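So that you can see what the record holds, here are the features copied from TrEMBL:
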- 58-191: domain 'PROP1-like PPR' (DOMAIN)
- 46-80: repeat 'PPR' (REPEAT)
- 81-115: repeat 'PPR' (REPEAT)
- 116-150: repeat 'PPR' (REPEAT)
- 151-185: repeat 'PPR' (REPEAT)
- 186-220: repeat 'PPR' (REPEAT)
- 221-255: repeat 'PPR' (REPEAT)
- 256-290: repeat 'PPR' (REPEAT)
- 291-325: repeat 'PPR' (REPEAT)
- 326-360: repeat 'PPR' (REPEAT)
- 361-391: repeat 'PPR' (REPEAT)
- 392-426: repeat 'PPR' (REPEAT)
- 1-25: signal peptide (SIGNAL)
Amino acid sequence: MARGRGRWLLPTRLLNVCLAALCRGGSLAAAESVLVDAIRLGLPPDVVTYNTLLAAHCRAAGLEAGLAVMGRMREAGVEPDAVTYNSLIAGAARRGLPIHALDLFDEMLRAGIAPDSWSYNPLMHCLFRSGHPEDAYRVFADMAEKGIAPCDTTYNTLLDGMFRAGYAMNAYRMFRYLQRAGLPVSIVTYNTMINGLCSSGKVGYARMVLRELGRTDHAPNIITYTAVMKCCFKYGRFEQGLDTFLSLLDRGYISDVYPYCTVISALVKKGRLGEANNYCDLMLQNGSRLDSVCYNTLIHMRCQEGKLDDAFELVSMMEDGGLESDEYTFAILVNGLCKMGHIEAAEKQLFYMEIKGMQSNVVAYNCLVDALCKFQEVDAAIRLLQCMKLKDDFTYTSLVHGLCRVGRYHMASKFLRICLREGNNVLASAKRAVIAGLRSSGFKNDLRKVRIDWV
């Protein structure tokens with residue numbers, strides 16, 4: 001028997017190498033065909049064979065596909081191990097299925113299979129992302145009680161989860177504990193801390209951690225500086241953000257378009273279009289491949305400058321390059337056209353958007369509703385609103401203001417009441433305009449209804 005197993009050992013290893021290569025390349029059908037051929041030839045698959053396929057199926061098709069592979073695995077007389085369950089738990093975590101992940105973890109324990117840190121890490125991640133931070137922390141505590149040593153990923157998952165749950169200072173204290181205890185603190189950990197502190201508005205703490213990083217053996221990377229740069233722009237420290245970008249540029253850290261898009265977007269918002277154009281030219285000179293986010297940033301910049309022909313040329317370039325216009329693209333174009341007074345062209349963009357199945361793009365519709373009201377075409381605005389699948393506070397605020405501007409207070413009060421009954425709201429200024437208009441026009445009954453609904 002031992003000689004028989006040894007006879008197949010090398011061929012099985014070669015089979016596993018072949019399957020792993022096919023799975024990494026996304027050729028799952030080919031991998032399955034190879035496995036079928038191997039079984040026909042009498043070559044026995046082992047636990048590694050099935051684990052390779054199971055992990056690939058979980059990534060490509062989801063948890064159910066992975067569970068189906070485990071069923072086949074058992075039918076072949078191959079028992080699952082920790083790697084099998086770790087892949088399934090990770091598959092449940094990727095799909096945001098905390099109950100399934102916990103059930104699989106319990107099943108693993110009942111089968112007498114000892115979990116490791118890679119069993120706990122995706123479980124914690126899933127619980128944090130699903131809004132259960134206390135349960136995630138209990139999983140971490142259970143890990144410590146069982147004497148399972150956490151790895152870098154464990155601590156990074158815990159820190160990131162704490163930030164996402166709003167426990168920024170708890171994460172900061174945990175980070176300090178890691179340092180004092182001499183536990184692993186990698187560049188990923190530093191980036192997690194800097195990004196989390198920045199996102200939480202703790203800019204001073206983020207800068208402190210960044211300075212400490214500079215004194216370690218870890219080199220700050222593009223992720224580190226981009227997080228700091230975004231934080232500076234978000235919290236009004238514009239010049240510091242720009243200095244961070246320039247230091248990235250000087251050190252040759254910028255290898256993709258994301259930092260460029262971040263700074264270009266910030267410059268456009270500040271109205272510094274000349275500088276934004278300079279960085280745009282520099283980005284294109286570097287031969288960077290643009291993604292849809294970057295194209296949308298550039299299209300927005302051209303619309304802000306009033307260069308609509310250039311904006312549409314960028315849209316053509318984007319689509320010729322195999323990228324699709326998305327909801328943001330259409331919202332930017334509709335807004336740009338409306339600001340220039342090209343109402344018919346804006347309506348055509350909405351038509352194209354609807355053909356692409358984006359009827360829920362409330363921002364684009366709102367731009368046109370607002371523009372129609374400003375041009376006193378309130379009847380057209382009403383017709384558009386009635387066609388909208390989704391409406392929000394801004395939709396009704398624009399329409400109510402527009403109706404008040406043309407003295408149609410009765411109609412304004414009607415839409416104000418509809419808005420309030422749907423659970424939306426309008427700006428206080430719009431409410432005041434309706435009430436003042438109804439009072440001055442003598443619509444006492446409408447005034448009483450508005451006040452009842454408002455309360």
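Cβ atoms are placed via backbone N, Cα and C, with glycine included.
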When the pLDDT values for the repeat 'PPR' (392-426) are averaged, what is the result? 91
Let me spell it out: take the repeat 'PPR' (151-185), skip the flanking residues so only those 6+ beyond its ends count, and list any with a Cβ under 8 Å from a Cβ in it. 117-118, 120-121, 124-125, 127-129, 131, 133, 136-137, 140, 143, 192-193, 195-197, 199-200, 202, 205, 209
Spatial neighbours of the repeat 'PPR' (291-325) far in sequence, C-beta under 8 Å, 6+ residues away: 257-258, 260-261, 264-265, 268, 273, 276-277, 280, 283, 332-333, 335-337, 339-340, 342, 356
Quick test of the contact rule: Cβ under 8 Å, at least six residues beyond the ends. What residues does that give for the repeat 'PPR' (186-220)? 152, 155-156, 159-160, 162-164, 166, 168-169, 171-172, 175, 178, 227-228, 230-232, 234-235, 237
Spatial neighbours of the repeat 'PPR' (256-290) not adjacent in sequence (6+ beyond its ends, CB under 8 Å) are 222, 225-226, 229-230, 233, 238, 241-242, 245, 248, 297-298, 300-301, 304-305, 318, 321
The domain 'PROP1-like PPR' (58-191), counted residue by residue under DSSP: helix, strand, coil: 100 helix, 0 strand, 34 coil
Within the repeat 'PPR' (291-325), residues counted as helix, strand or coil by DSSP: 27 helix, 0 strand, 8 coil
